[in-house]
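These come from TrEMBL:
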- 32-52: transmembrane segment (TRANSMEM)
- 58-81: transmembrane segment (TRANSMEM)
- 93-112: transmembrane segment (TRANSMEM)
- 118-137: transmembrane segment (TRANSMEM)
- 144-165: transmembrane segment (TRANSMEM)
- 177-194: transmembrane segment (TRANSMEM)
- 259-278: transmembrane segment (TRANSMEM)
Amino acid sequence: MLGIIFQAIASFFEEISGSLEKLIVEKKLASFYAIGFLNAALSLGFYAIYALTGKGRFVIHPASLPSLAVLVILAVAQAYATMKGTSLAARSTFNFVRTGTMPLLLLADLALGYGIGWRQILGIACIVLALLVLFMNHGIERRGLGLVVFTAINAAVTISIYKWHITKWNSVAAEQLVLHVFIAAYFLFGAVRLRRENPFRLLRNRTALAQTGSYAFGSFLEGFAYQYAPASIILAAKRSFAVLWSILAGNRVFHEKRLVLKLITFIMVAAGIVLLAVA
């Protein structure tokens with residue numbers, strides 16, 4: 001129960017971070033490149049401290065290098081699509097569509113030879129039906145939708161490769177450090193060369209500080225959440241609460257419409273996610 005509470009709070013602050021990023025980009029205070037760099041640099045710093053203090057081992061197995069190179073490319077693409085998708089798409093659209101990652105992961109497991117029970121099939125059906133209801137009733141806006149769909153599909157691939165690496169070869173700290181170095185470098189290049197801006201100047205802005213702080217605090221709490229419950233339960237809670245907070249933020253902050261429809265489909269999505277997690 002404590003893990004779910006931690007994840008609920010973490011998802012709340014992550015929604016604040018995403019909403020503030022959207023506001024910053026819409027008001028043209030900075031590009032998503034600058035925000036993405038600060039977020040990646042902050043995460044990189046946390047993992048560096050974790051590794052340097054001796055609490056996390058730095059292990060990269062040579063056999064993982066070919067697939068790690070593929071993962072780096074996919075992770076950078078995922079980070080780009082996530083940041084740009086956040087700035088373009090409606091908040092509720094962003095998190096509703098991303099729930100599609102869970103059934104895609106199950107389908108990947110099925111392709112690898114793992115069995116799928118009736119609860120999992122019912123869970124997939126609930127999520128797919130909820131998304132279809134939203135599409136048919138115009139509850140999902142099309143702006144930025146392609147990027148969000150890409151993040152949902154690509155996440156299934158990156159998570160699968162990442163789980164394979166840390167299970168068979170590499171340490172978590174090493175894998176995350178490598179990924180975040182390339183992600184931070186990409187966003188820094190985009191901010192400096194493509195947008196001609198200094199991302200560090202963004203730290204003088206209170207809204208940007210709140211965005212970065214919310215991102216850091218949410219990530220911190222989420223790390224603790226996994227200590228108190230199975231990963232499947234925490235992922236289910238993360239996706240469910242992300243949808244709920246984004247519906248409320250979208251309605252209150254960005255004046256998105258069809259609140260009742262989205263709340264009904266949220267219940268369907270949450271039920272589907274729970275079925276996937278407990279199956």
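Heads up, the Cβ atoms here are built off N, Cα and C, so glycines get one too.
Note that this is a predicted model, so its numbers are computed, not measured.
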Highest Cβ pair tally under 8 Å against the transmembrane segment (58-81), stretches 32-52, 144-165, 177-194, lands on 144-165
Positions on the same chain near the transmembrane segment (144-165), where near means CB under 8 A and six or more residues out | 64, 67-68, 70-71, 74-75, 77-78, 81-82, 84-85, 87-90, 93-94, 97-101, 104-105, 107-108, 175
